[in-house]
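**Student:** According to TrEMBL:
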- 3-279: domain 'UvrD-like helicase ATP-binding' (DOMAIN)
- Ala24, Gly25, Ala26, Gly27, Ser28, Gly29, Lys30, Thr31, Arg277: ATP binding site (BINDING)
- 280-555: domain 'UvrD-like helicase C-terminal' (DOMAIN)
Amino acid sequence: MSAQLNPPQREAIRYLDGPCLVLAGAGSGKTRVITHKIAWLVEECGLSPANIAAITFTNKAAREMQERVAGLMGGRAPKGLTLCTFHALGVRIIRQEAQHCGLKPQFSILDAADTVQIVSDVAKSADKAIARQMQWQISSWKNAMLTPEQAAQLADNEIAAAAAAAYAEYERTLRAYQAVDFDDLIGLPVRLFEDNAEVRERWQNRLRYLLIDEYQDTNRAQYRLLRQLSGVRGAFTAVGDDDQAIYAWRGADVENLRLLQQDYPKLKVVKLEQNYRSSARILGAANTLIANNEKLFEKRLWSEHGPGDQITVTACRDAEHEAETVAMKISAHRFQNRTRFADYAVLYRGNHQARVIEQQLRNHKIPYVISGGQSFFDKAEIRDLIAWLRLLVNEDDDLAFIRAITTPRRGVGAATLEAIGAYAGQRHVSLFAAAFEQGVAEHLNTRQLELVHEFAAYINRLQQRAAREPAGQVLEDLLVAIRYEAWLFEHLDPREAESKWSNVRDFVDWLARKGDEDDKTLLELTQTIALISMLDKEDPDFDGVQLATLHASKGLEFGHVFMVGVEEGLLPHQSSIDEDKIEEERRLMYVGVTRAQRSLNVLWCERRKSGKEWRRCEASRFIEEMGDDVLSAARKSNEPVSKEDGRARAAGLMAIFERG
Ligand SMILES: Nc1ncnc2c1ncn2[C@@H]1O[C@H](COP(=O)(O)OP(=O)(O)OP(=O)(O)O)[C@@H](O)[C@H]1O
Ligand SMILES: [Mg+2]
C-alpha cells in the first residue's frame, strides 16, 4: 500500500496519538488518506471495523468510498464498518437510543416538503414561499443549536420574527407526529450526548476512531457531534480544504477549522501539496483562480502531470445552443479518443439548467445519469407510496396518514378529516389513534366512519404483514389493493400516467432489491429513503455522461469536464453578487474546475431566458481570473461555433468510426 502514498499521506495515516487534520487542496489525496487509514487501522492496528466510522458528505461519496475501501481490502469493505453521511449516522444513533430522545424507534423522517407544510400549518400562512423562508430560518437556528427562546431574541426582521414565533410549536408538532426533520438527525444526538454521560460513553466505546471527509463543510451541530463522539481521546482524522467550502449558505462554518485548532491544542496538522488528479494547465487555472480569494491557510499545489489539453472557453448563443454544443463536443471527442461516456461530466450551478442538457443529450442518443437533481423521491407518485410506508411503520405520522387516506381518494372527504383532526387535537392523540376512539363517532356520519375504520383496519393488517414479509412483496400487494395503477390512468393523461407508473415500478424493484441485498426491514428501509437524494443508478458499470450540480460534484473526479452557464449572474450567482458573497461562488467555481482530470471546457451563453424575457449575459469574471492561458483561449474561440460546422464534424467522425 505504501507504493501509492506519499510521505505526508503516510504520516497522516499512521498518526494515532491524537486528533489529526489533513488540510490540503483539491485532488491531493485527502480522501485517499481516509480510505487507506481505514485499511491501516484494521489490518495493521487490529482495530475491529465495528469500532471505526468514516463520515462523508453525500450518499454518492459514501458509496464511492465503500468501493475504494473494498478495492483496498480484498474486494469487499469489512463487515461492521460504519461508512455513511453524518445524517445516516444520526438516524442510527436515534433509532438505537429512541427512548432517550422521547421517540419510538419507528419515528418518521420528514423531508423539506413535509416540514414546509408543518410550518405553514403552524404559522397559519397559506403563502408557500413565506413558509419556505420561515422553515429555512428555523432550520438555520437548529443547525446552530439555538433554542426557540434564543431564536426569538435574534430575530431581526418580520419573517424571522414569525419563524421564531412558530419554532416551538413546530417542534411540538414534530414530536406529536413521532417525527424528526433533517436537522434533528444531528441535533438530537448532540443534545442526548451532552445530557446523558452513560449513553455518550457507550457510543464513544463503540466508535473508537472517526474519519471525516470534507470537514470544511460541517456545520456547528456536526462539529459538536464529532466532539461528543471522539471525547477526550480526540481519536479522529478530519480532512478538508477551506478553498472548497461551499455550504456556508446551509450553515456550514469554515470557522470549524480554526475551532479544531483551538479546542485541540495538540492537533496534528498535515499538509499535502501534490495534486494527482489534474493536468498542469487545469491545476494552474484553478490555482490562479482561487488566489483571488482571501487566504485562510496558505497552501501550494503542484503536479507531476504534463500540461495536458488546452482549456477551452466557448461563447454560445443561448442555453439550447450551449447544450447542443456540449452534446456535439462529447460525441466528437468520444469518437476521437475511444473513451466511455462515463468519462464525461456536465456541471452546472442550478438544477434548472439540467433540463435542456438532458434534452440535447437525448437528441444525440448520449446516455446520461443525473445526480443531485430533482430527487426521484420527490416525485408525487413516489411520495404517495412513501407516505403509505411511513404510515405502516409509524401510525402517529399524521402527514403520512392524510396523504395515504386521500391517495387514491377513497371517499373520505375533507370535512371528515377536519373533524378527526379537531377531535385528535383535543385528545392529544394522532389521527390514526383518533380513528379508533369511541368519541370520534359523534363527529362523523355512519358512512364516513365506516370508511375511516376500513382504512385503519387495512393499515393494521398490512402492518402485521410488513413485520414478517419482504418489503417489496408488501408494497406490491398494497398497489393492487389500492388500485394505484388504475387510479393514475383514470385521472391523468395516458403518457403522464405511463411515466408515473414506470417510476412506481422502478421504486418497487428498488425496494425489493434493497430489502434482499442489505437484509433490511421495512422500518430501516423507510427511514433511509428520506436520506437518499436520488434513485441512484447503482450499477457502476452503467456507461453514461454524469450530470450534476457543482455542489453535488464535490469530491468526485471525471476525465473530461464541461462547465456550463459560466456567466455573470449565474456563476457568480446574482444573489451572491448583490450580497457581496463572491468568495463562496469562486470556491464553487474552483470545485468545478478541480473535478477535471484531463480536459476542461467552459461554456457560457450570450443571452438567457429568465421568465419570459431574454437577458443579455456577460462571461463570468471567473474566466478571466483563471489567468492568461484561459483568457487567450476565450478570445480565440469567441465566435460562437456554428451549428452546421459542429454537426458536420460529428457526422463525419461518426461515419469514419462506423466504417472503421
Ligand atoms: N499518493 C498517490 N499516488 C497516486 N495517486 C494518488 C495518490 N494520492 C491520491 N491519488 C489519486 O489522486 C486522485 C485524487 O485523490 P483524492 O480524491 O483522494 O483527492 P482529494 O484531496 O480528496 O480531492 P478533493 O479535494 O477533490 O476531495 C485520486 O484519483 C487518487 O486515487
Ligand atoms: Mg476528497
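Cβ coordinates come from backbone N, Cα and C, glycine included.
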**Student:** So around the ATP site, Ala24, Gly25, Ala26, Gly27, Ser28, Gly29, Lys30, Thr31, Arg277 aside, which residues have their CB within 8 A of the centroid of those CB atoms?
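**Tutor:** Output for this site, in sequence order: Asp241, Leu272, Asn275, Tyr276.
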**Student:** Around Ala24 (ATP binding site), which residues of its chain at least 6 apart sit with Cβ under 8 Å of its Cβ?
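**Tutor:** Lys30, Val239, Asp241, Val270, Lys271, Leu272, Glu273, Lys299, Leu301 - these are the non-local Cβ neighbours of Ala24 (ATP binding site), listed in sequence order.
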**Student:** Do any of the binding-site residues Ala26, Lys30, Arg277 touch ligand 2, in the sense that the CB is under 6 Å from one of its atoms?
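**Tutor:** Near ligand 2, sequence order: Lys30.
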**Student:** For the binding-site residues Lys30, Arg277, which one has the sparsest Cβ surroundings, going by other Cβ atoms within 10 Å?
**Tutor:** Arg277
**Student:** Could you check what DSSP calls Ser28 (ATP binding site) once collapsed to helix, strand or coil?
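**Tutor:** Reduced to three states, the DSSP call for Ser28 (ATP binding site) is coil.
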**Student:** Looking only at Ala24, Gly25, Ala26, Gly27, Ser28, Gly29, Lys30, Thr31, Arg277, which the record lists for ATP, tell me the maximum pairwise CA distance in angstrom.
**Tutor:** 13
**Student:** Return the residues near Ala26 (ATP binding site) by Cβ distance under 8 Å, restricted to its own chain and a separation of at least 6 in sequence.
**Tutor:** Asp241, Asp243, Gln244, Asn275, Arg277, Ala286, Leu301, Tyr590, Val591, Thr594
**Student:** In sequence order, which residues at least six apart in the same chain have a CB under 8 Å from the CB of Ser28 (ATP binding site)?
**Tutor:** Leu272, Glu273, Gln274, Asn275, Tyr276, Leu301
